[in-house]
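One structure is given here, and the rest of the page talks about it.
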């Protein structure tokens, strides 16, 4: 043996004599983070020879059980693991181990690094379980050795931002040295809300992945609350056997909560990360001792004296550490541009006149300009998207380039963005300029270079209208007819705004606005009061605007926008003015006027309908009425449907009886109905290609915004702006005629009946649940709850080749209703049954533990049973 690291579990055995069920009852050799040199090999060993230096993977499996054969050897119940009672560890001069769990070290790795492959493999496995990839935004809770190697792995796997927390300053200092983008020291006085708020503020967004490396209950609670919808929480640290966790909030946001147990085929990856220089573990080592000084080494690890991170014990005192031999290859994705057209922005003038905009101060010479186009002269060796001669529009802000938010919708909010002509960054008003290729957009042949330079301000207008959700039929007010106001006008009209009025103090600007399509213009005179301006706007339009876009940043204009906008409308603030303003905020908020900011640019969208039919309208608790409503008109991407069958969902009944579900409250009349099916498409919008009049379709009731990162990543069901039928304040579809987006209408095959069509919505829930659980051939599935969702989930599990399905319920008429042709087990849960009774009965009936459990009830007892009934494995140390 050469080097053995001291793990927290080693200290725990020394101090407490036990970890969970593993109790030190007799003398036991300690140590499991180790490296060594091969002295002798058994006659069947082919992969190693004497003299080879190896990292030792400390667990030896039975090699025979299903988990071992399926590649999940880390879950083997009969694993023999170093220094886990009663098995001896490897803090000794000589040690025997299975050859295939000894991993040969490359020449450029030393034996210290070899010993650190054990904790690094934990980090690798955790990040693999989390699906960390290029662009992930990661929170690591706990900056001990495991937290630090998890952070290093996350960065190596492409995470664009990593924040790490801890109670101890020296650990956070080490984290910063190792590459953490942000750190947060947790103080005992801080609440969970304080911690969550600071994390989000530092990142500028919610983390997509959280790695909890402490096991502390507060950290677990923070993890499940702070993680972005659809994200992943990985519980690396093991704490109390039972914890109080805000689970429901995480579940309805589809936050994946996954456990981590040691590692599985992760040593080779860990070694490769160090070999290639993507991870440097050497800075983790703070203390060295010989094997003769083992007691001193453990005292250092136990007391924290000298601020230890990783303490190493050298079993061979003649061993000397080698120097690092790493080199990182940078990808070259730049292009050299011959600049063609550069527009002068108001910000350029502002810097010239005032020398600053807010916190951005011109303190040294800076090249101006950011609205630009150019011709590619030369490309970097890794550039694939462009070639010399291409004409491009230049997007002036360069994000971190690798995070999902940078390239999938929210890159404009990148905390590390470098933006042209924003001090101290140079702009592009020069003959030649170098820029990142993926922020240069090739111009079509029919778009000139002058037009290319105007793509920057036009993108602001497009993004502003997208943020305001401008769509067909909207009535829009634009305050300010400068360049940004004018391009915003163009974007609003292109997105279908029926009426647009624009205001300014300069007559010439308003004349231009009229030429490019403004329906109305209003010149603001100096002597006009806010009340006069608001009144004139409403008179010209003949109604209140439902969307106002302020493109000035002037306090009076913002005040006018808030007062003029229709109740329930949207005010989007494009112009940036004073840091603090005196605004009539309360009156806008009680009218539910939505106020949204705009920062630079993003992508786009459209939508709308309405005219006469019999409709079921919920007015309040127990107050369901039938009334006539106009037959809606489909927009370009929509279809008008004649409704046939509408299923009654439990949520519909809940709204009728309770008037609310969680935060969704029926505060005004709402059409009911969420699970529809129609026999006939009556009319299609001009852009609809997938359907024609006469088609029978099943309707997916939720329509995403189509522009957020969730929608663009294929997870539209998590869209925060989803319009979902019969979810207040959105109308449902229990009506004669209904308009819906065509791409959320699915044509039924000829052999599928209308009644079957109506059941596609609950069946889709069951299918999605089984997909989320990754049900596949051979699985043993437990379904908790035999209501409609439980039954369709059972059907989906069987269709996905589950070997056996066990379903529970409290109503025998449900739980004993056999789905045609399926082999399954049922069980009625009585009120007097305890968790252990139910679990015992399930296991007895199945003859084995289920490996997938799907709870369809939401009841606490069922969730507790679901978490306990899965097969057990030994606790890690």
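FYI, residue positions are counted from 1 along the chain as it appears here.
Every residue, even glycine, has its Cβ placed from backbone N, Cα and C.
The domain 'Alcohol dehydrogenase-like N-terminal' feature in TrEMBL is assigned to 2-107 (among others).
The domain 'Alcohol dehydrogenase-like C-terminal' feature in TrEMBL is assigned to 145-275 (among others). Confidence for the domain 'Alcohol dehydrogenase-like C-terminal' (145-275), expressed as mean pLDDT, is 93.
Annotation comment: TrEMBL describes 334-445 (among others) as domain 'Alcohol dehydrogenase-like N-terminal'.
Among the features that TrEMBL reports, domain 'Alcohol dehydrogenase-like C-terminal' is placed at 483-605 (among others). When the domain 'Alcohol dehydrogenase-like C-terminal' (483-605) is classified with DSSP, helix, strand and coil residues number 49 helix, 22 strand, 52 coil.
Per TrEMBL, domain 'Alcohol dehydrogenase-like N-terminal' is recorded for 636-750 (among others).
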Secondary structure content, the domain 'Alcohol dehydrogenase-like N-terminal' (2-107) (per DSSP, counts of residues): 19 helix, 23 strand, 64 coil
When counting Cβ pairs under 8 Å to the domain 'Alcohol dehydrogenase-like N-terminal' (2-107), the leader among 145-275, 334-445, 483-605, 636-750: 145-275
Helix-strand-coil residue split for the domain 'Alcohol dehydrogenase-like N-terminal' (636-750), DSSP-based: 19 helix, 42 strand, 54 coil
DSSP residue counts for the domain 'Alcohol dehydrogenase-like N-terminal' (334-445), split into helix, strand and coil: 19 helix, 39 strand, 54 coil
Composition by DSSP (helix, strand, coil) of residues within the domain 'Alcohol dehydrogenase-like C-terminal' (145-275): 59 helix, 22 strand, 50 coil
